[in-house]
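**Student:** Annotations per TrEMBL:
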| type | residues | note |
| --- | --- | --- |
| SIGNAL | 1-27 | signal peptide |
| DOMAIN | 463-815 | domain 'Ionotropic glutamate receptor C-terminal' |
| DOMAIN | 464-527 | domain 'Ionotropic glutamate receptor L-glutamate and glycine-binding' |
| TRANSMEM | 580-602 | transmembrane segment |
| TRANSMEM | 614-633 | transmembrane segment |
| TRANSMEM | 653-674 | transmembrane segment |
| SITE | Leu682 | site 'Crucial to convey clamshell closure to channel opening' |
| TRANSMEM | 839-861 | transmembrane segment |
| REGION | 889-916 | region 'Disordered' |
Amino acid sequence: MCTSTPPFVRALWLGLALALGPGPAAGHPQPCGVLTRLGGSMRLGALLPRAPAARARVRAALARAALEPGLPHNLSLELVAAAPLARDPASLARGLCQALAAPGVAAVLAFPEARPELLQLHFLAAATETPVLSVLRREARAPLGAPNPFHLQLDWASPLETLLDVLVSVLQVHTWEDVGLVLCRVRDPSGLVALWTSRAGWAPKLVLDLSRQDPGNAGLQARLAPLGAPEGGTAPVPIAVLLGCDAVRAQQVLQAAPPGPRWLLGTPLPAEALPTEGLPPGLLAMGEVARPPLEAAIHDAVELVARALGSAARVQPERALLPTMVNCNDLQPGSESSGLFLARFLANTSFQGHTGPVWVTGSSQVHISRRFRVWSLRHDPLGAPAWATVGTWRDGRLESETGGVAARPPPQPGAPGARPKLRVVTLVEHPFVFAREPDEDGQCPAGQLCLAPGTNDSATLDALFAGLANGSVPRALRRCCYGYCIDLLERLAEDTPFDFELYIVGDGKYGALRDGRWTGLVGDLLAGRAHMAVTSFSINSARSQVVDFSSPFFSTSLGIMVRSRDTASPIGAFMWPLHWSMWLGVFAALHLTALFLTLYEWRSPYGLTPRGRNRATVFSYSSALNLCYAILFGRTVSSKTPKCPTGRLLMNLWAIFCLLVLSSYTANLAAVMVGDKTFEELSGIHDPKLHHPSQGFRFGTVWESSAEAYIKKSFPEMYAHMRRHSAPTTPHGVSMLTSDPPKLNAFIMDKSLLDYEVSIDADCRLLTVGKPFAIEGYGIGLPQNSPLTSNLSEFISRYKSSGFIDLLHDKWYKMVPCGKRVFAVTETLQMGIYHFSGLFVLLCLGLGSALLSSLGEHVFYHLALPRIRRGNKLQYWLHTSQRIHRALNTEPPDGQEEAEPECPEEPQQDTVAPTMGPRSWTRVRRAVVRERRVRFLLEPAMATATPDAEVDEAVLPSCPVWLCSNAPRPGELEELEQHIADTHERLRQALVRRGELLAQLGDSAHDQPCPLLQAFEEAPGAAQ
């Protein structure tokens, strides 16, 4: 049974086949038939110039450009050149048709030399429907009229439209709308005015045509009279634009022009061709700079055609790669020719070429990058006229600069003996420039009077310095400037010589390029507001491109400054003077020394041991530990000392060791306990903290300084993080670093400035860390090509050789470490309780350890001790601890009571016991001493005396009397009295014998009775 496929399934398969199958353009990636017919190359026609030199130059440029056309399918580009000798319309048409007669010619490159040739090509391209690209070398070419899609124009020289765009941009920057046009040798004045109106958006207010030559200067002045200002009035236009005049004619017109408007030269001139003599100040001129070579324009023209062919071939290969051969004798219009198809792609092709960005405008113009400079005629520092750059125009945008660059060195002043007066700009930066308030009269007893206008407006500065002579400047704007650079400036003014007037830069910045304009010191130099910049002005590559510098008078580098943090000492700060390994070694040595002291003492025949000299005390390991700890910490407590010579030698060595360790510890303890000053540890500019800042780590520099320019150029990622925390001035950055809490963790700036800030820090909280980087120097900034540059550099070199620079350094840059700390030698360092917090914690831990030790004693006494006693092992602990040994050998086990010694009960009566002689009493006393010694040595308590044959056994009691009742023994009193009498008798006999001996020695002894004998003889009577 057969089933039919549903319609939606068939539709699904059809959609997949269409989607996954090859498209119409990609169906034949390699159009083999078309490539076979082409023969592997495309053809490009060329109409070469007529002059042999120009023709050879163009042919060579085309040959180089054809080597890399960028055509698809590895096609090569073949040139079909034609060079008609005549340039009449018929010859030019034959040359074009000859180039088109070759099969496969897609487009033609032409190099017309005059406007008629350009017009002919304009018409022929439209007639043959063949794309023609004309490369023009004519300056200020007028437009052709209506755009032709088959004819593109690439102006190597500046076309008139571009020149008008530059002029309009200059007028718009100055907000000049009432403009007067003065025309010289213009073919179509009305067409030029119409083009001006279309490009500017407004019509000129006044137009003067000077195309006809005037017989003399008077006639020229008469024709320029409408531009002059009437009596007591203003000029009809503020600006007059001079168009179509060469340098000679422009100079004639400007010399004959009446005073009133400001003049703008509309004809581009090179900087070296600009005259300076006989021209009005403030004259504006323009000129193209950095024009690409003709070879670069030819290369971009060839690449434009090749790219358009490649784009067209990807859409319709056969139509693009096999153009219809053109027969000039039989032109037959069709629906759409291959030329028109290619022209559409030419109009929509853009790329980055050798001349810059390349694209085709709506007026069939091939745009290439152009750059113009706008100059202004001003006076240099010596009063001579010089051209200064005031703006740069590029690709439709005018970037106005705040000042100018002299186009060439101005001539020397005519009066050699005159002292020029220069205007010097500075910036307050300690110790190079200081600024303080003047006295009550607005004068400066010391230093140079300078102005702090707070603005960079030239008119304001001129008015302030003009008012400074008559004393009309407010006191609030006056300052007294002094310092390292001011002394250097005064010395240069004496030796060069020149007079100067000084002011502080309005925006307080060194200078950087912002939005196309230079700010700060550089901006004032470029704008002509100052002739010289004297301060800690770093010389770098960016500034050196727009201004000149003298030779450096101070060498420095960039550095990093951090702030110390006064942190309270932590709990374990008292242990910081010694490393943990040293603490471990000390206590290990202590216990090892105690062990060896114990071993030496017990192995010596003279030691404090039971077997040594039968001492009553024993030197155990506990005694050794107690002695070693006492020596280590200098305690004066009662402790046992070893008796053997070896032990004493080791004890003295341990004492020497402890003395050296404690000396080092005590020397470092005060610095640690007073407080810890920690710094941010930065190794330099390559430290990971700067390149990968953690959250909360902030660092910055001074806005628009050399340090910021260096970091922005070398480390863009670091600059992106840093710019949010930068400061306007160095003192402000230092205050951000020292504030509480600190707003910065690190500050990057010139090391010379940072070292000075560290030296004047009274609290010693600042420190420069890391390795210096970016070596640079401070120089005097001047406008480019200033004649003062070489003179100042020469004098600075002399100052270095003579030692004057060193004297300035000693005067203004003498380092005083940590300010007042040098003088506060009697400062008392107080330590609070937080310094000793660790010791209090240690004491608390000791109390806790003591409680644990007490608990351990009870556990040992109640649990371990009975078990050891029952085991009859480990009974001898004398070498380790006497207390443990005594507890094991004297006290009964837990739960038992010590047995009382049994004594015979004596009747409590006053019976006299048998008397005991003196010898018997001595024996008893010796027995008591022996028993006490035995009990101290922790032997079993046996109160028995050594047998003696002379002692009567019946006299001694059966048990020690001191262990019995406290009641008197019967007859004890009589025995004591008898013993005392015997003692008296023996003493009397001894005294008598003494007297005899004295009598034998001399007679004088008889005259002096022995007082002791008399006292003894009187004693019995007194006793009775």
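Glycine too: its Cβ is placed from the backbone N, Cα and C atoms.
In TrEMBL, annotation is done automatically, which means it is predicted and not curated.
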**Student:** Please give the sequence-distant neighbours of the transmembrane segment (580-602): residues at least 6 beyond its ends with Cβ less than 8 Å from one of its Cβ atoms.
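**Tutor:** Result: 608-609, 619-621, 623-625, 627-629, 632, 642-644, 646-647, 650-651, 654, 657, 661, 879.
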**Student:** Can you give me the same-chain residues 6 or more apart in sequence from Leu682 (site 'Crucial to convey clamshell closure to channel opening') with a CB-CB distance under 8 Å?
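**Tutor:** Listed in sequence order: Ile560, Val562, Lys689, Leu690, Ala746, Val769, Gly770.
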**Student:** How many of the residues that make up the domain 'Ionotropic glutamate receptor L-glutamate and glycine-binding' (464-527) does DSSP mark as helix, as strand and as coil?
**Tutor:** 30 helix, 15 strand, 19 coil
**Student:** What kind of secondary structure is Leu682 (site 'Crucial to convey clamshell closure to channel opening') part of, going by DSSP in three states?
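**Tutor:** It is coil.
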**Student:** Any idea what the model's mean pLDDT is for the domain 'Ionotropic glutamate receptor C-terminal' (463-815)?
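**Tutor:** When the pLDDT values over the domain 'Ionotropic glutamate receptor C-terminal' (463-815) are averaged, the result is 82.
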